[in-house]
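What follows is a set of notes on a single structure, which appears directly below.
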Amino acid sequence: MTDLSEKVRAWGRRLLVGAAAAVTLPGLIGLAGGAATANAFSRPGLPVEYLQVPSAGMGRDIKVQFQSGGNGSPAVYLLDGLRAQDDYNGWDINTPAFEWYYQSGLSVIMPVGGQSSFYADWYQPACGKAGCSTYKWETFLTSELPSYLASNKGVKRTGNAAVGISMSGSSAMILAVNHPDQFIYAGSLSALLDPSQGMGPSLIGLAMGDAGGYKADAMWGPSSDPAWQRNDPSLHIPELVGHNTRLWLYCGNGTPSELGGANMPAEFLENFVRSSNLKFQDAYNGAGGHNAVFNFNANGTHSWEYWGAQLNAMKPDLQGTLGASPGGGG
C-alpha cells in the first residue's frame, strides 16, 4: 500500500509540474530570449560572408553567414534557437563566435531563419503569423548546403560538427544520428533531449505557437506519429554510441553565476530541461558510451552568456576532433 501511495504522489507531482509548465513555458521562452540587438556582433574586418544558397526543397534562397577556415577545412554548423530571426543568426547577434573561431582552421556556418523549425523536414507547410513557407531544413543542411559549400567554398562535406542551443540542441544530435558521416560531432546546449515523451509534444506545440504562431502537427504530426520518436535524441543513444559520435552536452542548474542571466524565465527554463539531460547522461553511460563531455555541474541559466562560454570552451575539442589546421581562413 505504501508503494502505491508513493506512486500516486509521484504521479501527482509530475502532473502539477507539467500543468505549471504548460501555463508558463510559452511566455517564458519569449522572455528568456530577450530583445535582439539591431546589428550583428561580428566586428568589421572579419572575413564574414553573407551567402544566398539555393534550396530547391524550400523553394527559395536561404541566407547563410559564413567564415572560411581555409580550403578543405572542416566546418561547425551553428544552429539557432526557437525565435531565430531572418536577418542574422542568433550566434552572431549574441556572441562574438566569428571572432572566437577566426583562423581556427574551422569554417563557421550560420544558417539564418528557421523560426520554430527544429531544423527538420516538415510534413506540411509551416504556417505562422508571417504567412506560410516550406520547411525542409534537414534536407538543406545535409544535402543542398554542403554541396554548395563544397563546390563554392572548399568546405569538407564530411567530418563536421553541429552545435545547437535550446530548440536546436536536439536538432544537432539528430543530425548526427541520421547523418553520421557528415556530423561526427554534436553539441547540445540547454536542450530538451526527450521531446517525444510525456508532455513534450504538447509543450513544444505551445512554445511554437507563441514563437511565430506555428503548429507542431504540421512539423511531425500528432504525438503518436513516428516522426516524434525519430527526432528524440534520448531514443537514439545506441546509434550515437555505435557511431562513436563526439558529444558535448551542457545544461546549467538554473542558478545564475557571474556571467549573468539572473531572471526568472531563464532560471525556470534551465531547470525544466535539466532532468532530460541528466537522464540522457545516465542512459549514455549505461549503453557503454565513452566519447562525450557532460558539463552539468556549474551554475547557469537558459541564456546566451552560458552558451557562448560553452562554444568558446569547446573550440580546442572541436579542432582536435575534426582535425582542423589553425591559421587557415585569412
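Just so it is clear, glycine is given a Cβ too, placed from its N, Cα and C backbone atoms.
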Annotated range (Swiss-Prot: region 'Fibronectin-binding') out of 32-42, 98-108, 241-251
98-108
The substrate site in Swiss-Prot lists Leu82, Arg83, Asp194, Phe272, Val273, Arg274, Ser275, Lys279, His302, Ser303, Trp304. Which one of Ser55, Ser166, Ser171, Ser223 belongs there according to the record?
Ser166
Using the alpha carbons only, what distance in Å do you get between Cys127 (disulfide bond) and Ser303 (substrate binding site) once rounded?
27
Min neighbour Cβ count (10 Å) across recorded positions Leu82, Cys127, Cys132 flags Cys132
Work out how many Å separate Cys132 (disulfide bond) and Leu82 (substrate binding site) at their Cα atoms, rounded off.
17
Ser303 (substrate binding site) CB neighbourhood, other CB atoms within 10 A:
27
So what's the mean pLDDT when you look at the region 'Fibronectin-binding' (98-108)?
98
Fewest other Cβ within 10 angstroms of its own Cβ, chosen from the binding-site residues Arg274, Lys279
Lys279
Secondary structure of the region 'Fibronectin-binding' (98-108) by DSSP, residue by residue, totals 3 helix, 2 strand, 6 coil
